[in-house]
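What follows is a short report on a single structure.
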Amino acid sequence: MSAAKEGKEKKPVATVVKIVEVESVSPSKDKRPTRMKLLNNLSASSPQTYPPKTDKRSGIKGSRIKILNEDVLVAPKVEKRRSTKPTSPGATATSTVKILNEKRIVPAEETALETTKIKISPPKRNKMDHYVLQPVKVENNKSASQATRGATGEDEDTIAFILGDDDEVVPASTSRSNGQEILVTEEEEEEEEDDLDEEGDSPGGSNKNSGHKAIKEIVEHVCGKCYKTFRRLMSLKKHLEFCRYDSGYHLRKAECWKNLEKIEKDGDVLEKKDICFCCCESYDTFHLGHINCPDCPKSFKTQTSYERHIFITHSEFSDYPCSICNANLRSEALLKLHEEQHKSRGKPYACKICGKDFTRSYHLKRHQKYSSCSANENDTMSCKVCDRVFYRLDNLRSHLKHHLGTQVVKKPEYMCHVCKNCFYSLSTLNIHIRTHTGEKPFDCDLCDKKLSALVALKKHRRYHTGEKPYSCTVCNQAFAVKEVLNRHMKRHTGERPHKCEECGKSFIQATQLRTHSKTHIRPFACDMCEEKFKTEKQLERHVKEHSRQKRPYFSCTECKRHFRNTAQLKQHMDAGDHSEKSGEKPQRAKRSSTKVLERTDCAICDKNFDSSETLRKHIRSVHECDPDDIFGIQPPSAKRAKINKIPKVDEEEEEEMVPVALNASSGSLISSQTDDNGVVVREFLVDEGDGTAQTITLENETYTILPLDGEIAAEQITDEGVKVEGQKTPPKKSPVVKKEKRKSLGASLAAAIADNIEVPPVEEDFEGEVLTEEDLKLKENIAKLIDMLADPPILKKYGWPNAPEEMVLCKVIENCGYDLNKGAENYAELDYGSRMREYCKLLFTVVIHNDSIKSLLNNFPIDDVIEYVLGDEDQDEDGADNGEGN
C-alpha cells in the first residue's frame, strides 16, 4: 500500500487554475485602486498532493503555459450563472479561462490554437514591490464563482490587494486574448516553487480530513523597522537603505489604511471644527512653522517635514557627510544621489526681466504675473475703492482690510517673554527672540557679518553685489532695499508722519523722532538735587560737582582763606600773609568747553541722518568723498580767531605809533592815554587823502576814527569784531555747499595749469597800495580760493605762499593761454580790489569752464560767487547750532 501511495505521489499532476472573477473598481480622481480577487482551484478528480521540489524543477522547468478559452471546457450552465460585469474598459464581458500544463494538452488542439510569445517587462513587476497586500475575508454570496467552486467542493478564501498611488495596473487576464502563450522565466518559477514549499510547510497547507485544499498564502518580506512588506528580498534590501526607521511615518500610514472608514467619518466631524483629522491640530497653525527643531533654529510647518529634516540633517550616521549641507548619509551611493539633488535643486527657474531665481516653475509664473515684471497690464489688480494697483492677490486682500476696518492685529499668544511685545505670527516672534539671545545663524559668504534672519541676509548681500532693484519714479535714484525707497518717496511727497508731541516738530523716520525726543525727556535725574540731564555722562559730571563741594576744608581764622589739608593751613599761618588780597578765594579758571555741533544733513544730496557718524558713512559709500571735505569738525571759535597782522611802518615814524592790544581772556580793552587826556582805543591807518572822520562800532559802542598826521603807507588792521558803517554786507546764501562743484572746479583748474612752467622770481610790484577792508577780505578769499582749487606742487612752482596773491593769480591766467598785456593799461588804472575782481572773472571764464559759475556771474557780484565757491563754513555751523537748539 505504501509503495502504491508513493507511486501516486510521484506522478505529475495537472494543476488547473481558474480565474473566476475580475472586478474593476471605478477609479477616483486622486487614487485609483484596482481590486482583484484571485482563487486557486485545484482539480477535484482525486485528492492530490504537491510533488517534491526536485521533481517539480526537473519536470516543469522551462515549460510553457497556454491559456485556453473556458468555453471549450466548461458547460454552458456555468456560463449563464457567471457575472456580467465588465472586467475593464477594454473588455466587454468577463471570460473564465483554464490554465493547463503543456504536457497534458493534446497535440491536435495545440496546432489549432494561435499562440503569441509575450515577454513581461521587469519594470511592471517592480512596480508592485512597494504595495502592501492585505488579506480580506469576503462574505458568502450567491455568485457564479461560488456555484462553480461549490461544485468542486473547495473552501473560499479571497485575497484582495489595493494598488495605491497614481499607477494603474491592468490585470493580465483582462488584457490577453484566448490562446495566447506566456513565456515564464526560470527566476519566476523558482520563486513560485519557494512559495509552494512554504505553503506546504504551513499548518494550513493541506487538510486531508476535510478533503479540501487550503488557499495558497502569499508570503511577504516585512521590514522590521517600518513594517512595510515586499514580495522579493532584493526589494527589501533596497528599502532598508532608505528606510526612515526613526520616524513613525510608515506606522501612521499603515494605521490610516486600516482605519480608513473611521478616519473619513471622524474627518467630517473635525472639518466642521476647523481641525485637521490627520494631526488633530487647528488649521490656523499650519502656515506658522510651529514645529521647532531642538538641535538647530529651523522651524517647520508639518510633522513630515520635521521628520525628514531630522533624518537628513541630524542623523547619527557620520560615515558619508555631505560637503554642501550638514546631512550624513549611510552609503556612498546615497551621498552621490544627495549631492546631485543639491545641484539640481538649485534655482533653475529665473525671471528674464529682473533675474530673480525660483525653485519651482509655479513660483516663477506667479512672480511674472503678480509683480512688476509682468508683460501685460491686465495682470495687475486694482482696488475698487481707492483705485490702488497691486500685483499680488494677497496684497490686495490685506489692503481691503483697511477699508473694512478689520486690520491684522498682533496676537497675544505670540508674545515675547522678555520684552512682552506681541507679533503677528510665530515666525516673526522667533526672529525677534534672536535679538535677545544674540543668536545670528545666517553667515554672509562675502564678509564676516552674521545676521539673525534670512531676509536680512538677502538684503545685506545686495550691498556686496551692487544690486539695486528698487528705483524712484521721480528722480530715478536706485535703492537696494524697498523700505529705503519708501522712506525716500516721503521726501518727494513731503510726508512726515512722525511728529513730536512736545514741540510739534515732524520727522520722516521714527529713529529721528526718538533721537529728537531725548532733548525733551532728560531721563537722567540727580538724586541730590532736582536737575535732569540728557545723557549719563552729563549726570556723572554733575555728581562730581556735588562730591567736590562736600570735601572737607580748613579755613584761616584771620583771613577766612580755605585750605584742603592742615599742612597747607600751617604753611599759610607760618607765612603770616593775612592780607585782604590773600584772603580772597582764588577764582578757578573756567574751562573753555567748546561744543562742536556737527551737521547731520548731507551737503550733496540734502539727506538727513540721525548722527554725524551715519552721515560720514553715507558720504564715503554713496558720494565717495572725504567727509572732512564736506563739513569740518573744527570748533567755530577756532575758525573765527584770526591773527592780527603787524603793520609795516618806517623806523622814523615808529615812535609816533601808540600800540593798543586786545586782551581776549578778560574781554577788556587795554588802552593808553594821549597828551590831551584822550583815551586811544584803537588806531587805524587811513589814506592821507581821506580827511573825513569815520565812525566804527566796537562792542556795541560807537567810536570816531581820526586821520593821523603824515604819510604812512601800510596795510590797514582789521578785526572781525569791527564793523564799518556805510558798507554793504554780502547777501546771505544757502548753507549747503556743493562739494561736487568744488571738485569739478579744482579738476578744471588742474587740467588748465601745465606742469613744466618756468616761474620768474617773485616781484614786489604789487606792494605799496593802501587796502580797504573789502580789499583785505577779497585778498583773503582769493588766497583760500587758490589753496582750494590748485594743487600744492603747482602752487609751489609759482612761489606760493610767499608770493603775493595777485602775482600767483596772474601767472595762472597767463599760463592758460590768456595774454594780460593786452589790457595792461586798463588794469593799471584800476585799484587793487578792482584788479583782483577782474582777474577772478578771467579765472572763472577763461581758465575754468563751468556753466553754473558763468550763470552765477551773470546774476551775482564776483565777491558773492567767490564766497559761494568757498562756502561760508562759519555760517553753516551757526545754522546747525540754531537747528539743534530748536
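A Cβ is built for glycine as well, from the same backbone N, Cα and C atoms used for every other residue.
Model, not experiment: these values are computed from the prediction.
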Suppose you had to name the range Swiss-Prot annotates as zinc finger; which of 470-492, 792-814 would you pick?
470-492
What range among 64-82, 159-177, 349-367, 653-671 does Swiss-Prot describe as zinc finger?
349-367
Quick test of your reading of Swiss-Prot: among 266-288, 381-403, 818-840, 841-863, where does it put zinc finger?
381-403
Close approaches to the zinc finger (470-492) from elsewhere in its chain (Cβ under 8 angstroms; 6 or more beyond its ends):
459, 462-463, 508-509
The zinc finger (554-578) - residue tally per DSSP class, helix then strand then coil:
10 helix, 4 strand, 11 coil
Give, as a single whole number between 0 and 100, the mean pLDDT over the zinc finger (498-520).
83
With Cβ-Cβ distances below 8 Å as the criterion, list the same-chain residues six or more beyond the ends of the zinc finger (442-464) that contact it, or say none.
431, 434-435, 480-481
